[in-house]
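J.: Got a structure for you, written out below as structure tokens; questions coming shortly.
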Amino acid sequence: MLKTSVLVSGGGTNLQALIDASARGKMQHVELSLVVSNRADAFALERAKRAGIRGEYVEKAGFEERLNALLDEEGIGLIVLAGFLRILSGDFTRRWAGRIINIHPSLIPSFCGAGYYGLRVHEAALARGVKVTGATVHFVNEIPDGGEIIAQRAVEVLPGDTPEVLQRRVMEQAEWIILPAAAEAVAERLEGRE
Ligand code: GRF
């Protein structure tokens with residue numbers, strides 16, 4: 001199994017989807033070993049605790065140095081960004097190239113890049129009047145949401161959708177399904193290479 005770290009900033013529903021998938025035996029090549037948050041109050045840290053996974057809050061000052069130390073300490077081979085709202089430096093993403101994946105709540109290349117995160121993504125989709133949206137898992141590089149696409153899943157936009165209602169549907173019908181599947185596929189491929 002590939003030791004995996006999940007980086008979080010908020011509620012952690014995508015982390016929970018990974019935890020639940022692991023408990024159901026759906027991620028044979030992924031060992032959830034470390035959760036790191038850049039927000040001390042992230043409920044995702046509580047989810048990690050309840051699942052018996054090491055959870056660490058890392059403050060802003062020296063964030064990447066501390067993060068790299070934790071990742072090395074735990075022997076991490078795969079990093080999953082799950083609702084993580086801090087831009088990682090080019091140095092960091094180059095060091096971990098091919099080993100960082102991210103879940104974004106739209107069908108990239110729509111509604112992505114700088115400034116598109118959380119509810120803002122769904123507000124933009126509704127403002128544009130798209131009939132289909134969804135979620136994307138992609139490799140992370142120095143361009144926000146710019147890395148190679150790994151998986152996507154489409155979700156219908158319904159009349160009367162609010163950003164909150166649409167966000168929830170995208171989470172339930174797309175994010176929570178494709179993130180565990182993508183993490184498992186990438187981990188299996190990376191383990192095969194080692
Ligand atoms: C979700 O909209 C997700 O698509 C985005 O961050 C938001 C919160 O995710 N990546 P989570 O509940 O913290 O996993």
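Just so it is clear, glycine is given a Cβ too, placed from its N, Cα and C backbone atoms.
All TrEMBL annotations are machine predictions without curation.
What TrEMBL lists as active site, proton donor is HIS104. Sequence annotations record features per position, and here TrEMBL assigns N(1)-(5-phospho-beta-D-ribosyl)glycinamide binding site to GLY12, THR13, ASN14. According to TrEMBL, the (6R)-10-formyltetrahydrofolate binding site annotation covers LEU85, ARG86, ILE87, LEU88, ASN102. Summarising the annotation, TrEMBL assigns domain 'Formyl transferase N-terminal' to 3-179. For ASP145, the entry in TrEMBL reads site 'Raises pKa of active site His'.
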J.: What's the number of neighbouring CB atoms sitting within 10 A of the CB on ARG86 ((6R)-10-formyltetrahydrofolate binding site)?
T.: 16
J.: State the count of C-beta atoms found within 10 angstroms of the C-beta of THR13 (N(1)-(5-phospho-beta-D-ribosyl)glycinamide binding site), not counting that atom itself.
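T.: The Cβ of THR13 (N(1)-(5-phospho-beta-D-ribosyl)glycinamide binding site) has 18 Cβ neighbours within 10 Å.
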J.: If we check Cα distances from ASN14 (N(1)-(5-phospho-beta-D-ribosyl)glycinamide binding site), which of the recorded positions LEU85, ARG86, LEU88, HIS104 wins as closest?
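T.: Nearest in space to ASN14 (N(1)-(5-phospho-beta-D-ribosyl)glycinamide binding site), counting only the recorded positions, is HIS104.
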J.: Return one of helix, strand or coil for ASN102 ((6R)-10-formyltetrahydrofolate binding site), based on DSSP.
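T.: Note: ASN102 ((6R)-10-formyltetrahydrofolate binding site) is in a strand by DSSP.
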J.: In whole Å, how far does the CA atom of ASP145 (site 'Raises pKa of active site His') lie from that of LEU85 ((6R)-10-formyltetrahydrofolate binding site)?
T.: 12
J.: Quick test of your reading of the structure: among the binding-site residues ASN14, LEU85, ILE87, LEU88, whose CB sits under 6 A from ligand 1?
T.: ASN14
J.: Rounded to the nearest Å, what's the C-alpha distance separating THR13 (N(1)-(5-phospho-beta-D-ribosyl)glycinamide binding site) and the residue listed as 'active site, proton donor'? Just drop the number here, would you?
T.: 13
J.: Using C-alpha atoms only, work out the spacing between ARG86 ((6R)-10-formyltetrahydrofolate binding site) and the residue listed as 'active site, proton donor' and round it to an integer in Å.
T.: 13
J.: For ASP145 (site 'Raises pKa of active site His'), what is the secondary structure by DSSP, using just helix, strand and coil?
T.: coil
J.: Give me the non-local Cβ neighbours of GLY12 (N(1)-(5-phospho-beta-D-ribosyl)glycinamide binding site): same chain, 6+ apart in sequence, Cβ-Cβ under 8 Å, ordered along the sequence.
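T.: Those within reach of GLY12 (N(1)-(5-phospho-beta-D-ribosyl)glycinamide binding site), by Cβ under 8 Å and sequence separation of 6 or more, are ALA42, PHE43, ALA44, LEU45, GLU46, ARG47, ALA48, ALA82, GLY83.
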J.: How many Å lie between the Cα of HIS104 (active site, proton donor) and the Cα of LEU88 ((6R)-10-formyltetrahydrofolate binding site)?
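T.: With the alpha carbons as reference points, the distance is 15 Å.
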